[in-house]
Amino acid sequence: MAELLYLKEAEQVVTVAGASDKPKVGEDLSEIGVIERGSVIVEGEKIAFAGTDADARHYLQKRSGKVKTIEATGKILTPGLVDPHTHLVFAGSREQELTMRLKGKSYMSILQAGGGILSTTKSTRAATADQLAHESRLRLDRFLQHGVTTVEAKSGYGLATDAELKQLRVAQQLNNDHPVDVVSTFMGAHAIPPEWKQDPNGFVQLVAEEMIPQVAAENLAEFCDVFCEEGVFTVAQSQYILEEGKKHGLKPKIHADELVSFGGAELAAKVGAVSADHLLKASPTGIEQMAEAGVIAVLLPGTAFFLMTEPANARAMIEAGVPVALSTDRNPGSSPTESLPFIMNLACLTMKMTPEEVLAASTINAAHAIGRAKDIGSIEAGKNADLVLFDAPNYQTLQYNYAVNRVDTVMKAGKIVVEGGVLLEKTDNQRCSLATEDRGTRPIWQK
């Protein structure tokens, strides 16, 4: 019989329960199921009980076997955070572009001059799979220290069949050997590479007719994404790629209406996309159609913050009944952060979402955006024991005390992987510092 873990008497247990079948929308987004002085009991990899501490003690009295107690007094307990939009696997860095943008260059002008995504593509193509895996593990380590237990990871920095497959194989490897679960998305249509600049339709055909079948044949991704944007992929090109993806079992996602109102939100509704992401310039009609179709809006306030632009109109989407999720958009050009808690801060401060809304958007709704809501995203009996203890007296403090990492303990599938804010090495359960590129070391993980 598995040892029971008793997370005892947290100041608050934020369950976000009751929305595993469909995401929270409208006023329900603020209903996050807070249990004051609550406790959670974990058995093996699953949550066995969540409720008041008095009820937890009664539950334990009826059980036999060993019980390990983790004192949670003075802390709050939430579901493991879920990041539904990252560009995790890449090589290189683009810090020089920050100075370019500060001097007036736009994101698209940098891209069209061969920088931006194309700069990262050059580095990623040149990197070996081992190099990509090493750099990406370090990013996952930092995600974990910020309370993120599941991430989505897109390809899109290969922009050639072999390089795209390389990225996706690395993501699959990381899912197998790192505590953070990695859910893969194929995004060969992230930009037009230089060799196809004079024949963009030819590249679209390559993505749809060569890349997608190979991705599906190797079962390397669950979703297909496309950058539907002026100067990148047209609505017609985007629809063709997404429909071809659907034929091969890849569920559609869209980078939509980030820079201009371009019809991406409307296309997301038309093709039945799981999510439309960015949406800074989404039209009122597009928002209405997304609500009717149940398309999740994955909002990325960190990208708007870093690019110094106005964020998406989260309030209009929530009031229209669009399910809203939050994400870091971790990437080297427009959102170089692994701190989903900081993104939650930005959602409050720049998009006027409430502390309750951002918690739901970063847990259960984010889980819906990657098809994992039946297993993660809330604290309910039978779900995976992905949990975070924050060193905070209440959940409001997480958004009030902004840009501070208050993660104390992270549990993944019933195993403690972060304690006292520090990663634990699974092989001997000894504390180790966060690996960095300079130290060249990392925790050894095996699922």
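Placement of Cβ uses the backbone N, Cα and C atoms for every residue, glycine included.
As given in Swiss-Prot:
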- His85, His87, His255, Asp329: Fe(3+) binding site (BINDING)
- His85, His87, His255, Asp329: Zn(2+) binding site (BINDING)
- Arg94, Tyr157, His190, Glu258, Ser334: 4-imidazolone-5-propanoate binding site (BINDING)
- Tyr157, Asn331, Gly333: N-formimidoyl-L-glutamate binding site (BINDING)
Those binding-site residues of Arg94, Tyr157, His255, Glu258 having Cα within 10 angstroms of Gly333 (N-formimidoyl-L-glutamate binding site): Arg94
Same chain, 6+ residues apart, C-beta under 8 Å of the C-beta of His255 (Fe(3+) binding site), given in sequence order: Asp225, Val226, Phe227, Cys228, Glu229, Gly264, Asp277, His278
Shell list (Zn(2+); ref centroid = CB of His85, His87, His255, Asp329; cutoff 8 A): Thr86, Lys154, Asp277, His278, Leu300, Thr303, Ser327, Arg330, Asn331, Ser335
CB contacts for His190 (4-imidazolone-5-propanoate binding site) [other CB atoms within 10 A, all chains]: 25
Alpha-carbon distance [Asn331 (N-formimidoyl-L-glutamate binding site); His87 (Fe(3+) binding site)] in Å: 5
Which of His87, Arg94, the listed binding-site residues, has fewest other Cβ atoms within 10 Å: Arg94
Arg94 (4-imidazolone-5-propanoate binding site) versus binding-site residues His85, Asp329, Asn331 - nearest by Cα: Asn331
Cα-to-Cα gap, Asn331 (N-formimidoyl-L-glutamate binding site) vs Tyr157 (4-imidazolone-5-propanoate binding site), nearest whole Å: 10
Cβ-based neighbourhood (8 Å from the centroid) of the N-formimidoyl-L-glutamate site, residues Tyr157, Asn331, Gly333 excluded: His87, Phe90, Arg94, Gly116, Ile117, Thr120, Gly156, Pro332, Ser334
Integer Å distance between the CA atoms belonging to His85 (Fe(3+) binding site) and His190 (4-imidazolone-5-propanoate binding site): 14
Cα separation, Asp329 (Fe(3+) binding site) to Glu258 (4-imidazolone-5-propanoate binding site) (Å, whole number): 12
His85 (Fe(3+) binding site) versus Tyr157 (4-imidazolone-5-propanoate binding site) - Cα distance in angstrom: 15
C-alpha spacing of Ser334 (4-imidazolone-5-propanoate binding site) relative to His85 (Fe(3+) binding site), in angstrom: 13
Proximal but sequence-remote residues of the same chain as Asp329 (Fe(3+) binding site) (Cβ under 8 Å, at least 6 apart): His85, Thr86, His87, Asp277, His278, Leu300, Gly302, Thr303, Ser335
Protein Cβ atoms within 10 Å of Glu258 (4-imidazolone-5-propanoate binding site), excluding its own: 27
